[in-house]
Amino acid sequence: MSFIEAASPHVMNTYGRVPIALSHGQGVRVWDVNGKQYLDALGGIAVNTLGHNHPRLVPALQDQLAKIIHSSNYYHVPNQEVLAKKLTELSGMTNVFFCCTGLEANEGALKLARKFGHDKGIERPEIVVYEKAFHGRSIATLSATGNEKVQKGFGPLVEGFIRVPQNDIEALKAATEGNKNISAVFFETIQGEGGVNPMRIEYLQQVRELCDQRDWLLMIDEVQCGMGRTGKWFAHQWANIVPDVMPLAKGLGSGVPVGAIVAGPKAANIFGPGNHGTTFGGNPLAMRAGVETIRIMEEDGLLENAARVGAHLKGALARELGALPGVVEIRGQGLMIGVELAKPCGVLTQQAADAGLLISVTADSVIRLVPPLILTEAEADEIVAILAPLVKAFLA
Ligand SMILES: *Cc1c(COP(=O)(O)O)cnc(C)c1O
């Protein structure tokens with residue numbers, strides 16, 4: 001009996017899994033336990049920034065494993081300061097709190113927004129969130145999420161959220177008109193799980209301005225679109241704005257769980273001793289992964305690579321698929337690309353895997369490509385060569 005046939009009677013049944021178990025990888029290629037090879041255009045869902053078995057990341061992590069894995073936040077962790085300083089330089093912000101996951105970074109951001117309100121004398125602070133947003137699956141972050149499927153069965157939801165549509169400044173103004181309880185606006189620069197839906201540059205600038213005028217925190221969830229994926233360190237930087245709070249995770253540790261809340265001057269001193277904490281957050285292994293990931297990204301010019309190869313990939317997809325009647329839109333930036341089809345296309349995940357390509361389908365009908373940032377143009381062409389015929393056959 002194979003591993004797959006025996007699969008997982010004791011693991012809770014929470015994922016709709018593709019029946020594949022990966023064994024190992026090299027660069028943007030992975031192999032399953034039966035030896036079949038795949039081109040990895042999913043990157044562990046925008047996590048494996050440097051691909052697999054990176055020749056400089058792995059020895060650094062091995063070195064760290066042999067020194068100390070975990071020490072607790074009872075003590076200083078020197079690489080916390082190194083990584084925090086680096087993240088503040090890259091973001092133009094000032095202070096960082098380390099945690100382990102995206103939802104945890106977002107949960108902390110929501111606490112910041114609540115306390116920011118309370119510190120100003122607002123008894124019941126409210127936070128503006130967006131339709132189709134995804135912020136995680138804790139009770140608070142699923143309440144902030146704009147997807148009923150994520151929320152169903154978990155009520156009562158956390159209150160204090162006001163929901164608005166993307167890219168509509170008049171809707172935001174109308175929804176908050178005269179409301180003195182607003183403390184923050186919270187969104188993803190490019191919605192990931194919601195279907196690769198970008199905020200427009202002009203809208204980002206308008207919301208920044210509105211937050212300044214009204215003394216609200218601008219909180220931007222860059223968990224998926226951040227860490228170089230779009231060709232800038234953080235996707236909102238395309239609009240030349242700086243948020244007050246920025247949750248990070250996914251790509252930050254290149255596969256090692258690392259999360260962070262980055263804060264600017266308006267939010268950096270909201271938490272004091274005793275207000276927030278975590279056992280695993282900022283541990284020596286995680287910090288080494290973050291420090292080395294960013295070092296390698298800089299040494300190897302991976303931002304520029306993400307921008308260039310992403311544009312190449314999007315262009316090739318547009319040439320192959322753009323004119324097909326069943327293709328609604330090809331969108332995204334850098335190596336975060338969505339191909340929206342006119343009908344649900346979840347079956348393509350399995351079909352692509354059978355053809356040797358790992359992808360995901362999100363929001364029912366959007367093919368999502370978030371490969372490692374080391375992808376080359378030749379590998380991008382390979383993705384298109386496998387994917388385009390499948391999409392054409394699916395739509396035919
Ligand atoms: C994945 C994701 C999260 C949740 O991160 P987890 O590490 O799964 O908790 C939150 N926000 C965005 C934008 C994400 O893409």
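Cβ coordinates are placed from backbone N, Cα and C, and glycine is handled just like the others.
A TrEMBL annotation is a machine prediction, not a hand-curated record.
Binding site for pyridoxal 5'-phosphate per TrEMBL: Asp221, Glu222, Val223, Gln224, Thr279, plus Phe134 from the candidate set Phe134, Phe154, Phe161.
Distance from the CA of Thr278 (N(2)-acetyl-L-ornithine binding site) to the CA of Asp221 (pyridoxal 5'-phosphate binding site) is 20 Å. Remark: Thr279 (pyridoxal 5'-phosphate binding site) has Ser72, Asn73 as non-local neighbours, by Cβ distance under 8 Å and separation of at least 6 in sequence. Within 10 Å of Lys250 (N6-(pyridoxal phosphate)lysine), judged by CA to CA distance, lie the following binding-site residues from the set Arg137, Glu222, Val223, Gln224: Glu222, Val223, Gln224. Thr278 (N(2)-acetyl-L-ornithine binding site) sits 23 Å from Phe134 (pyridoxal 5'-phosphate binding site), counting Cα to Cα.
Non-local contacts of Glu222 (pyridoxal 5'-phosphate binding site) by the CB criterion (under 8 A, 6+ apart in sequence, same chain) comprise Glu188, Thr189, Phe234, Ala235, His236, Met246, Pro247, Leu248. Highlighted here are the binding-site residues (Asp221, Glu222, Val223, Gln224, Thr278, Thr279) whose C-beta falls below 6 Å from ligand 1: Asp221, Val223, Gln224, in sequence order. Here the Cβ of Asp221 (pyridoxal 5'-phosphate binding site) has 31 other Cβ atoms within 10 Å, regardless of which shown protein chain they belong to.
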